[in-house]
């Protein structure tokens, strides 16, 4: 079946992308001044001790062999040991990954619900002063650098009003034993509120504009006029007929936007001290903890690549107009 | 700003109060910041060869986020060197762990932080930091004359004579200037007085984070039973054999709290019985300790003389770098006599032995460590074993390993079977990422006390004054904040450069104290804090005269400037 | 709206050009109180309309100078995006076949590199500087442009006059530059306009994370310092102006792009 062939092709591209990204990373990090282990060996170390480390990490092997070993390890999800934490990178990164996703997905669901709704409203109001004013606001909010929004939100809600904590993911007293406990507690909600709000101001723009534009297109199509002619109320036309058709591209944009959102995530995690992948990557880079930086980046890339894949596949299933054979 | 007492001196008393209507002025009025574009002492030459031009001087620094005051101080000094001396200085802020690794690798020209040995023993600085083979001599400073005095003082049993040697050592370092003091900080610590009996709080040179405080502090209510504090997460190393577990305070707190030593340095920096109830010098090189009976490790096994012997013998065999100066170089042999008597024989007299060896080396459980070394296959370099929740620390100290959520939280429940069992149930190290968040946490009760405070001291002092439930303590500590220079590469391998740098730093001290540290500090010219008054040499050589003085030193040594004001090396030197 | 956008951009462009001559203080010139202490975190006053920073520097002077970096990065970034994206798009679209296949798969793969993390890696490896950001923009931001230009080229190359030129034996280079390029220029101009905003935000974001060059006063560096010193909790005069400037420039660029789009693509014009 063509369908299967397309998916297989797309899957192959995804694997290739991940492979290339990890390769680029490997060679980039070999360019670090002093070599990737510079932070880890020091001149006062005895010759034997230094030799032991060099051997342990195989730094004397030819580059291609180091590369092969790295790839073999990565396939087994082994990213080595963190220089900074001294523990395995994989378990560390997984923990941060969960934190990142908990924040990002919450913000996404809210943004896309609100954005789609507001976009439909704006599209419906086309040509009015209200719509123009609304568009200016939307454009302005969308132009704000997300880290700055975060600072302003913190200034207002934490520093001036004292309503929310200044950062972090949990209170000082909180300690949890299970994942569910961690993410369903009021303490978590209290900490997640401001970062989610900030991310929403950043994410809402895209679905909103898409929804509005699609709606404008759909509204110009003939069957809407037919629906109107049948005497349906305008609100019913909007939500039952027009919006239902306009929402399709927004759904696929959801997945693509997750990819782009990763950058914003890095910033917001820094502003709110959120212990996620992005912040870990920034800190690992600043600490010269290259194994962690490398793994965090790889995982961020994998999120993007996977989401692009999901978006493409979803699109082919959701939109009957896309023929699956060609590409 | 805050008025200082005796040592703070007159210039320290300017105030910012009521400045709303005040007009501001620019550079010229600068508090202690000398004149504009260099001094008349400069020797200016045309057509200087390119290779004599000075490369960027790298000032390895902690980030502004980590310690804003220190960063400000660094920027001030670097700007003055660049603008007023023509020495191109670059502030290079990096994360805390990178500072230590780069310092140890010699990848820096200057590096600034606060350092103290916490035991009041000058040997821990004199040998460890500046002797040619000192285990933490990262500056690479090396002087035969100095080494001789440094090793002589540790053998000198006559206290007065030793005092003289210690003062001489300070003077040589003062003259040679591998270290340039910014200030002696005064530290301000705040705690929730609504949760603890105020007179049970013990303050030492390390503030509130000392074992005496944590074992003696008396909670008033349930909330005080668990102390949550802002000490950093012990992120990098908790292996008691690793230098990092006994160096930075984020790590030494857990290490010292979970282990016992033969003795401990008391609140007045005196040696106090601990795992050993008494000790006796049989002669200058033989000392015998009597162990306390009935002690157990956290896993229930008894602590005996054989654990002590094993710990020291293992150090002598494996030579962990962290214990080079105070164990490996010093101890000849260690023997037990029955279950509770241990005798040390030293290679030669070592006066500070009680404090710097018996007071620092943690007593490790032989049964647990031999197993650890075997399981991990790390028998030759046991300091490399990484300690985690799966392979925790087992010691015999007043606190024990709880859980470690790396990067955010470290819990130590108290060990009830200890002879000094704490009154509280648990201590939690729970850093927040910003000083503002920590401030809030203290006010809203999430924190019980602040282990340290790098934020705005005036702000914290204001909060303590306003709120009945907060109290504070202040201490001068035993440390100093200094810039160490790399003596092994240009430009600071040349003594006049170091002296000139010292003159610039000294000229900036008042500004550093007043502006960067809100007036909480005193001028400093030597590495031994005045709180150790017996050892402190207040006549240590230092260089003054500000920019003028610094320029004169350099001009006399042959340094010249081009017409754009860039400094060049003396003839015959290239800085490569 | 497009006019408003253009005015904003012009305003900041002019600032960028004249700022070195009109700044009242050096960006890192210490301001002192009359008693000789540092003028830290002073709220706006006549002498300092935007107050001072934690270290006693004049915010207005830093803000004005910051427009230079912003405009430099914005315009250079936009130029790179337009040039690279258009070239790649035309070549892929015109030749088709395996060239197209290779180029487009490359585009797909590069889509997997998240921009800000990638620039962090560059800064870690090569040191912090404005050039890493320009390089990152040049490497990753042309992707959408190339995709769009390519599909545009696919339709343009079927047009009779292109086929006529081919039949007349015109070289590939000539066909691409003379016959195809003029048709896609409006599109690449649109993407360039939007890239101005992207590049400026990218530069500010990376500087904010601490991977910018701290010695160059840019808006991102200003915000970073307000953040790391924790001063943004009180000194709104230090935080609001640079952030607002970024927002305005980005919005201005977008409005210009959108206005342009409406001119060249009347379908989009609102009734």
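Note: Cβ is positioned from N, Cα and C throughout, glycine not excepted.
The annotation domain 'ABC transmembrane type-1' is assigned in TrEMBL to C:67-257.
Through the fold, the transmembrane segment (C:6-23) approaches residues 58, 60-61, 64-65, 67-68, 70-72, 196, 245, 248-249, 251-253, 255-256, 259 of its own chain, all at least 6 residues removed from its boundaries and within a Cβ separation under 8 Å. As annotated by TrEMBL, transmembrane segment applies to C:6-23 (among others).
Sequence annotations record features per position, and here TrEMBL assigns transmembrane segment to C:69-95 (among others). Within its own chain, the transmembrane segment (C:69-95) is flanked in space by residues 12-13, 16, 103-104, 107, 130, 133-134, 137-138, 141-154, 156-157, 172, 175-176, 180-181, 184-185, 188-189, 191-193, 195-200, 202-204, 216-219, 245-246, 249, 253, which lie at least six positions past its ends and keep a Cβ under 8 Å from the stretch.
Under the heading transmembrane segment, TrEMBL lists C:115-143 (among others). Residues of the same chain lying 6 or more positions beyond the ends of the transmembrane segment (C:115-143) and with a Cβ under 8 Å from any Cβ of it are 69, 72-73, 76-77, 80-81, 84-85, 88, 107, 195, 198-199, 202-203, 205-206, 209, 211-214, 216, 218.
For the transmembrane segment (C:184-211), the residues of the chain that approach it from at least six positions outside its boundaries are 9, 69-70, 73-79, 81-82, 85-86, 89-90, 115-116, 119-120, 123-124, 128, 130, 132-134, 136-137, 141, 144-145, 148-149, 152-153, 156, 218-221, 223-224, 227-228, 242, 246, 249-251, 253-254, 256-257, 260-261, 264, judged by C-beta separation under 8 angstroms. The transmembrane segment annotation in TrEMBL covers C:184-211 (among others).
Counting residues 6+ beyond its ends, the transmembrane segment (C:235-256) has Cβ neighbours under 8 Å at 1-2, 4-9, 12, 41, 43-44, 50-51, 53-54, 59-60, 63, 66-67, 70, 74, 193-194, 196-197, 200-201, 204, 219-220, 222-223, 226 in the same chain. Feature annotation from TrEMBL assigns transmembrane segment to C:235-256 (among others).
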